[in-house]
Amino acid sequence: MIYREAGQYRTSYLDDGQTFPIRLDRWAHWLLIAVAVLVVPFIINDYWANAILLPFLIYAIAALGLNILTGYCGQVSLGTGGFMAVGAYACYKLMTSFPDISIAIHVVLAGLITAIVGILFGLPSLRIKGFYLAVATLAAQFFLVWLFNRVPWFYNYSASGQISAPERTIFGLPVTGPETSAAVTYLFCLAFVLASAWICRNLTRGALGRKWMAIRDMDIAAEIIGVNPLHAKLTAFGVSSFFVGIAGALFFSVYLGAVEVGEAFGINKSFLVLFMIIIGGLGSILGSFLGAAFMVLLPVFLKNVLTGGLGWPTDLAAHLEFMIVGGLIVFFLIVEPHGLAQLWRLLKEKLRLWPFPH
Amino acid sequence: MLDVATDPGADQGRITGETLLDLRNITLRFGGVEAIKNISFDIREGEIRAIIGPNGAGKSSMLNVISGFYVPQEGEVWFNGSRRPPMKPYEVARQGIARTFQNIALFQGMTVLDNVMTGRLNAMNAGTMSQALWFGKARREEVENREKVERVIDILEIQHIRKVPVGRLPYGLKKRVELARALAAEPHLLLLDEPMAGMNVEEKEDMSRFILDVNDELGTTIALIEHDMGVVMDLSDRVVVMDYGRKIGDGSPDEVRNNQEVIDAYLGVSHD
């Protein structure tokens, strides 16, 4: 009964197009950000940071990126892992080549480099569509992992073939390397998440977003109203890879610290991020977050309940997780292709009228 | 005496402006099939030009030639006084030609407002940076173009469904939204491919009124394909009749109606 929009008048077109048209939503989202920025850093510990919050934040950026490409522009990509690897290796090369420049700048530059690589691999999308494009991006995935394994220049000729992040600081506080504190790495990633989400929302609500969605929904009609398919698809690949690259850079430098490319950025990563946006909601910013949270929390939850609570063997719990995720993918694809975000939207629509049925 | 203003046939055959689009000796082949055989006709500024003919006559192919989907093997397209080189559909759109489709081609995943806003995409050219930060030009453009779109929404009376996803709309409204999207681009030339197919009488009357309003108030030149002869004769200033890819008639509705070849094409002739 509190969740109402009655009496909230919008008097300009800018007001009408705002992200949270209902006042309560607006407050709730500011409150959430305030808690994330002002409260969480003081109560966070290493377990929460490493098991839940850091992976959630970083995957959320990757999911936002893939959602631009797949959810908004309709181009299925199985190359997310490969593009994350580009971000990670670009970040590593920048960190070791220019040690004096801030890590924050390196991460953004790594994103830009990934964007260029993404545009290159997006070129085939002009000729091929759907399933065939997915296979082409799959080729990108395997090629990139192979490249980073085989060319020693990328890992600075280290004996192990791994890359490991040297210590870098922000305002004198270490964010990479062995000496980091949970609160600092958390805030560092959170800053990137908030900026990414804001930029994604801005891009998708304006002219560029409409171009992408037009291409997704009906490419012939999009072309007839004046959308250049080349421009629309390549910008989608570029913007998407930018965020995926940032996610890869953070995943390597802040979260893992040391990376072996086949293990950290294999095809499994591509599928994981794709599952996030399918379960969370294709073509939805909120969906990217919900999907990332779901896929990060589910294994933790199952582990705690099944292994910790019921005393099941670890392998049985792990297999059950595969089955649940697989089942959910099928369920969502059939029953609710727009994912958790759509369920949330429906709930809110009901809530606006509650207690009346319609 | 008839009051000229209320006589539905009063402005038929009215003198309209300069030639806007001139099709000269267009021939279009698909392999061995000649879909369009050496057809020439023109569309004048400000008129409503109908293209009619039995099924398979090549009307839609003609529209696709005009909107750049098909490149004819022979012939020239002159638009706005200059010869048009072969160009992609999106380049044609930027020249000021908009169209609707026989089967509705709306963007199903978007709301009515977003669909109509896509019609303004050619007028929106803020840089990616400006859009990413939602600052300066991008923000200004959004409001300016929204104002133009709202005017179209007003004319076509679809205010109440602004925020509804188009997938939920009934057929007649979808057709209207598609017209709105084409109109939002403020085209010089509007191509309508069977705007009234599958509508009931009331919806047809509404649509006819909208087409006349658009032609009258916005001064948009309109070329339309339609099977409902009553509608065609009432709306159009001049009519082209096609049959088996050939042009068999061209002129005011009255001239066409009395053309023996046209009557034969529609009613059939006995082969004895």
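Cβ atoms are placed via backbone N, Cα and C, with glycine included.
If you look at the transmembrane segment (A:27-44), the same-chain residues 6 or more away from its ends with a CB under 8 A from one of its CBs are 20, 53, 182-183, 186-187, 190, 194. Residues or ranges marked as transmembrane segment in TrEMBL: A:27-44 (among others).
The transmembrane segment annotation in TrEMBL covers A:50-69 (among others).
With a cut-off of 8 Å between Cβ atoms, the residues of this chain six or more beyond the transmembrane segment (A:76-95) that come close are 62, 65-66, 69-70, 101, 103, 106-107, 109-111, 113-114, 117-118, 121, 130-131, 133-135, 137-138, 140-145, 148, 154-156, 163, 165-166, 168, 176, 240-241, 244-249, 251-253, 259, 261, 264-271, 273-274. The transmembrane segment feature in TrEMBL is assigned to A:76-95 (among others).
Summarising the annotation, TrEMBL assigns transmembrane segment to A:101-123 (among others). For the transmembrane segment (A:101-123), the residues of the chain that approach it from at least six positions outside its boundaries are 75, 79, 83, 86-88, 90-91, 94-95, 136-137, 140, 144, 168-170, 175-176, 188, 192, 233-234, 236-246, 248-250, 253, judged by C-beta separation under 8 angstroms.
Feature annotation from TrEMBL assigns transmembrane segment to A:130-148 (among others).
Away from its own ends, the transmembrane segment (A:183-200) comes close to residues 33, 36-37, 40-42, 44, 49, 53-54, 57-58, 60-61, 64-65, 67-68, 104, 107, 170, 173-175, 243, 246, 250, 254-255, 285, 288-289 of its chain (Cβ-Cβ under 8 Å, at least six residues beyond either end). Positions annotated as transmembrane segment by TrEMBL: A:183-200 (among others).
What TrEMBL lists as transmembrane segment is A:236-259 (among others). Residues 50, 54-55, 57-59, 61-62, 64-66, 68-69, 72-73, 75, 77, 80, 83-92, 95, 103, 106-108, 110-119, 121-122, 125, 162-165, 168, 175-178, 180, 185, 188-189, 192, 196, 200, 203, 212, 215, 265, 273 of the same chain, all 6+ positions outside the transmembrane segment (A:236-259), place their C-beta atoms under 8 angstroms from a C-beta of that stretch.
Per TrEMBL, transmembrane segment is recorded for A:271-302 (among others).
Among the features that TrEMBL reports, transmembrane segment is placed at A:322-344 (among others).
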